[in-house]
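Note sheet for the following structure.
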Amino acid sequence: MVFVRVAPPLLCVLLLATLVGAAYARGDAGDALEKLRGWIGRREAHVLIAALVLLCLSVMWSPANEHGASHAFRVVMAAFLITALLAFGSMASLTNLGPALAMSLAAGAVLILANLHVGDETRSWIGLSPDLWRMNRAAVAIVLFAPLALLLLWRSSRLLAVGLVAVCLAAVFFSFSESAQFATLVVAAVWAASSLNPILVHRLVGVSMVTTLLVMPFVVRFANEIVPAAVHEKVGYGVLTIRGEIWTAFADLVPERFLLGYGIEASNVIAKTPTAASLPESVRDLLAFSHPHNAPLQVWFELGLVGALLVAVLIVFALRAMERLPADRLGAATATAAAVFTVSAVSHGAWQSWWFCLVGLVAAAYAMLPAQSDGNNGVRRESEF
């Protein structure tokens, strides 16, 4: 749970190996492979392949060729890995995932709290990192897994579920991850609304995500103006206000390469290129933060309008696939999806493979549950994707 960058990809590989072995032991590995072959022929797969091809081709016009090629390779591998996870995970039909997931979250939360409250010498002695910000990824992971874990645990023990909420909230809000804290508030709001009408809220969240993605470079320049001054003062310049300034600096360059963008990982070096040479030093400093800390904006900046449209279509397909979940799981999954988009829009780079794999692990957890449930979200289920 206390993730370093390589942990989620490694966990994905280990989980896939376990699922493949279990599938062969049960004798349904052929069904999983057949499902994978069926997916390849669907339009969802065609759009995903088109997006990955664009990502790889953009290396040719990126000023960060080598760095971009490395990230493109990792994203492609993550996409294949996650697809295989979903196929083999859907064969598992685990009925005891709830307790295991709850125990893992509780252990991760306790480790975060312990790491935050012990001294530097003790932390070093037991092998924990002296850099407390490294707990941020674990805090985000807890937020993403929490809705499903709480949903499953609530059915067996409401008291334990309340206890899990308490320890997870403590870990998240004692951590230094403002992204995780913001995502927690989003999860609470979306999940509460979903209890009234899961499918309606799910579609409203989907419309909000797609709209936000498509208008991102045109609205981010107003981000600091929209947020009240009191919030800026409370959160601080280095956490909130500077993000709006970084977003504006990148958004101002989008029109120059509107159609196809500057190429993958161009944001990592754009401050040192001729494109930024004539800009004020203060703007170049803002462009030097490796990436915009806003994945939708980074997609626009590096892949342009074409990339943004492809990602928007992929989001629509993913959300439509989620509508096949029973009503109770749909509410939790919608809250999780909203949290993923929230964190992506205020924090991580668009091509970080550890982030893709973390989201893939969460999706695999939903896929590993039995297909049938007492819940019904009111949507007619079509053939499974």
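Glycine is treated like the rest: Cβ placed from N, Cα and C.
Between the stretches 45-63, 330-348, TrEMBL puts its transmembrane segment entry on 45-63. Among 75-94, 160-193, 299-318, 299-318 has the largest number of CB pairs under 8 A with the transmembrane segment (45-63).
Under 8 Å from some Cβ of the transmembrane segment (160-193) lie the Cβ atoms of residues 102, 105-106, 108-110, 112-113, 116-117, 132-133, 135-140, 142-144, 146-147, 149-150, 153-154, 201, 205, 235, 239-240, 331-332, 334-336, 338-339, 342-343, 346-348, all in the same chain and six or more residues away from its ends. Nonlocal intrachain contacts for the transmembrane segment (138-154), taken as residues 6+ away from its ends with a CB within less than 8 angstroms of a stretch CB, comprise 1-3, 97-99, 101-102, 104-105, 108-109, 111-112, 160-161, 164-165, 168, 171-172, 175, 177, 179-181, 183-184, 187, 191, 328-329, 331-333, 335-336, 339-340, 343, 347, 358-359, 362, 365-366. The DSSP breakdown of the domain 'O-antigen ligase-related' (164-311), given as helix, strand and coil counts, is 117 helix, 0 strand, 31 coil.
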